[in-house]
Amino acid sequence: MKLLLLSCLLLTAGLVAGYRSALNDFQRSEGRELVPTPWNSARVQMLPGLNLEDCATRCSQSLDCRAFNYETRPTVTCKHLPWVGDGNNAEVKRNVNCDLYEKKVYVRKCIVGKGEDYRGKVFTTKSGLTCQQWWSKFPHDHRWTPTATNGLELNYCRNPDGDRIGPWCYTTDPERRYESCNIPQCKDEVCITCNGEEYRGQVDHTVTGRECQRWDQQYPHQHIYQPEKYPDKSLDDNYCRNPDASPVPWCYTTDPEVERERCDISKCTEVRVEKRQRSSFTTNCFRGRGEDYRGKVNETTSGIPCQPWDAQEPHEHPFYPNTYECKGLEENYCRNPDGSEAPWCFTSVPEMRTALCLQIKRCADDIEAEDCYHENGRNYRGMVRKTRKGITCQKWNVNTPHRTRINQRTHPEANLTENYCRNPDGDQHGPWCYTTDPKTEFDYCAIKQCAGEKVSMTEPEEKVEFSECGKRDDRAQRSRLRIVNGVPGNSPWTVSLRDRKGNHFCGGSLVNPRWVISTKQCFSSW
Ligand SMILES: *[C@@H]1O[C@H](CO)[C@@H](O)[C@H](O)[C@H]1NC(C)=O
Ligand SMILES: *[C@@H]1O[C@H](CO)[C@@H](O)[C@H](O)[C@H]1NC(C)=O
């Protein structure tokens, strides 16, 4: 049986090895459609029934295709378009049954390497001169001729000869023949603070130059970071991200031999770091999971002194204060550098590796709205006004930063009040709102479907069934409160993990008669 399984695996691996997805050429916008203006609609190429990968492959290979709409309802349709969503030819619109994929080289505002593939629309040089049209020989005569393949379009900056100055152009100033356009390298375009958990830039190669694997794909490497499961981590396309509090952003690679690798991204200057972070720090209590707790509690819940972070005695560990910058790993204070449930520390007793510091109180203002919606949330009338990525919603009756095509006038029955999350158009993913972030037109809200209702078809893996013992508590799931109605001593599914001498060293939850879930720091062998 085992042998059979192994040979099956090898077969799949063989098929996948060395395979690069054409989708790597594209940037995806979920729930959007690129709609051509009426006089352009004849230029859309309809390819019904193609699967996503084939739709992308054909677009990659076609010079006339710069983007495609991938519609899943009412029928699967691949629509190739000769534009991206930045011009006058077509407009990006909300369509819950469609995803828009645009070729990265046309939408990216940065370059990789010398930028030979840059197809952006910058047409001024670094000193501010306007570029000369490539088809024109005036004021500067030259040897280039625009063709279908070389990308020499209008007067846009390009690098047809692989010049080390990056994309350039002939200028319209007779005194200045050509000049670089200073298009930034992707690794410098958006800089990172701390360990780059907030990084949302467009680097898609690792430090050794390997191309990243898309987060929404499971090959060549299988992994747990599916974008829909970690909505607040922005696991977009195949861009470097840091969903697991690693020291720097990283990605899975398209090389079957190398699972994951870190990415090389510029660090921001110190000043910006401090300013942004300080406002969220707390000292007498903690919010969320306490990642921003900077107080001076230096012992565990049961009163055991903590081990200093810069020491490796009695416990060896990877949390060097220098590696985990900005995590406040000073002295022996309780901290949460790794996204655990609450602040914790290594303890000063050899028998107990780590323990949480639950004597630190949760801040009074940290109570989150406990809210849920029924069915698809069309009748949701609650007051949540924040998206799953934490962005504040835009009011339904204003048009900035986004034009509200759906509003009180178009949907009078939908109670589009203030900036509350609603579902006026029956979106299958539930209540949503336009957001106050200019880069994100809309997003789904930080509300879940109410307990006991059938889970939507897109997330079948969400369906968890426990036996009698260890019932899943949906209230704990929905809000970020990790302990619901718990009083020490009265929680039947809470487990105390003890060493051989009977000392408590960690807590856990019983999820099944034979299984306990706890955190990895509780065990020295992780
Ligand atoms: C913990 O902090 C208190 C007060 O800040 C200090 O007096 C004490 O020495 C510290 N304990 C350890 C073990 O560092
Ligand atoms: C929405 O409902 C609330 C409470 O039911 C009501 O006070 C408000 O006027 C309604 N707003 C709109 C725009 O219908």
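Glycine too: its Cβ is placed from the backbone N, Cα and C atoms.
Marked as disulfide bond by TrEMBL: Cys191-Cys268 (among others). Every protein chain considered, the tally of other Cβ atoms within 10 Å of the Cβ of Cys191 (disulfide bond) stands at 15.
The disulfide bond annotation in TrEMBL covers Cys212-Cys251 (among others). Under 8 Å, Cβ to Cβ, and six or more positions away along its own chain, Cys251 (disulfide bond) finds Asp204, Thr206, Cys212, Gln213, Trp215, Asn238, Tyr239, Cys240, Arg241, Arg260, Glu261, Cys263. In this structure, Cys251 (disulfide bond) is part of a beta strand by DSSP.
Cys263 (disulfide bond) carries neither a helix nor a strand DSSP state and counts as coil. Taken from TrEMBL, the feature disulfide bond applies to Cys240-Cys263 (among others).
DSSP assigns Cys345 (disulfide bond) to a strand in the three-state reduction. In the structure as shown, the Cβ atom of Cys345 (disulfide bond) sits within 10 Å of 28 other Cβ atoms. Annotated disulfide bond per TrEMBL: Cys306-Cys345 (among others), in sequence order.
Annotation comment: TrEMBL describes Cys334-Cys357 (among others) as disulfide bond. Counting every protein chain shown, 25 other Cβ atoms lie within 10 Å of the Cβ of Cys334 (disulfide bond).
A mean pLDDT of 86 is what the model gives for the domain 'Apple' (8-105). Residues or ranges marked as domain 'Apple' by TrEMBL: 8-105.
Here TrEMBL flags 109-186 (among others) as domain 'Kringle'.
Marked as domain 'Kringle' by TrEMBL: 190-268 (among others). Look at the domain 'Kringle' (190-268): DSSP puts its residues at 6 helix, 13 strand, 60 coil.
TrEMBL lists 284-363 (among others) with the feature domain 'Kringle'.
Here TrEMBL flags 371-450 (among others) as domain 'Kringle'.
Positions annotated as signal peptide by TrEMBL: 1-18.
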Does the domain 'Apple' (8-105) come near the domain 'Kringle' (371-450), with 3+ Cβ pairs under 8 Å (pairs 6 or more apart)? yes
Could you put numbers on the helix, strand and coil content of the domain 'Kringle' (284-363), residue by residue per DSSP? 0 helix, 16 strand, 64 coil
Among Cys191, Cys251, Cys334, Cys345, Cys357, the disulfide-bonded residues in the record, which have a C-beta under 6 A from ligand 2? none
Subset of disulfide-bonded residues (Cys191, Cys268, Cys306, Cys345) lying within 10 A of Cys334 (disulfide bond), CA to CA, in sequence order: Cys306, Cys345
Nearest by Cα to Cys191 (disulfide bond), of the disulfide-bonded residues Cys306, Cys345, Cys357, is Cys345
Just to confirm: which same-chain residues, 6+ apart in sequence, have a Cβ under 8 Å from the Cβ of Cys357 (disulfide bond)? Val297, Glu299, Thr300, Thr301, Cys306, Cys334, Ala342, Pro343, Trp344, Cys345
